[in-house]
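Below you'll find the structure, written out as C-alpha cells, and then a few comments.
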Amino acid sequence: MAKYSFEFKLTVVKSYLDGAGGYKFLAKKYGIPGKSGSQLKIWVANYRQFGEDGLIRSKKDNHYSVQFKIDTIELYLTTEMSYQQLALKLKINNPSLIANWVRAFHAEGIEGLSKPKGRPAKMKNKNTNQLNKNSPIKSTDKNSERIKELENQVLSLEIQNAFLKELRSLQTEENQNQTNQLQKLSTDSEKNSN
C-alpha cells in the first residue's frame, strides 16, 4: 500500500495552492518528513503537470523501452535538469524511475536497462531439454565483448549528439535574445533622437 493516500496528497496540495503556507510549513503541519518539503514540491509539480492523475500511484505497469530509457539517461547526463524536471518534461509521474535507470546504467551499462522485473517464468524440464537441443550455437566471449564494446561506443556517440543538439539550441536561443535586445536598443535610441 502507498505511504500516502490520494485524498491526503490532494488535501495537502490544495492547501499549498490555496496559499495556506509554504512547502516547509505544510510538510511540517501534515507530518511529511524532510526539512525542505521536497516531497510536497513533487506532488505540487505533478498536480500542475498531470492534474489529479499526477497524485495517483499508477497501478498499471508502464513499460518503457530500452531506447526510451537510454534517451532519458542521455538527456539527464547532458542537461542540468533534475530528475523531477525531466520526469515532468517526459510525462513520467515518478521521478525515481529515472534515478533507478541512471543507477542501473552506471552499474551495469545497457544490460542493466533491459533486465525484466520480477521472477523469471518457470519452465518444465521437458521444454528446457528441447531448448538446449535446438538452441543455436552460442556466441563466443570474444564476440559478446565486441558487441558490448560497440554498444558502449554507440551510446557514447548518441550522448555526444544529444549534447551538441542541446548546445546548438541554447546558442540559437542566446543569439535570438541578443538580436532582440539590439533591435530594442535601436528602436529606443531612434525614439530618443526624435
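Cβ atoms here come from the backbone N, Cα and C positions, even for glycine.
Copied from TrEMBL, the annotated features are:
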- 68-121: domain 'Insertion element IS150 protein InsJ-like helix-turn-helix' (DOMAIN)
- 113-145: region 'Disordered' (REGION)
- 116-125: compositional bias 'Basic residues' (COMPBIAS)
- 126-138: compositional bias 'Polar residues' (COMPBIAS)
- 170-183: compositional bias 'Low complexity' (COMPBIAS)
- 170-194: region 'Disordered' (REGION)
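Model confidence over the domain 'Insertion element IS150 protein InsJ-like helix-turn-helix' (68-121) is summarised by a mean pLDDT of 84.
Mapped onto DSSP helix, strand and coil, the region 'Disordered' (170-194) counts 24 helix, 0 strand, 1 coil.
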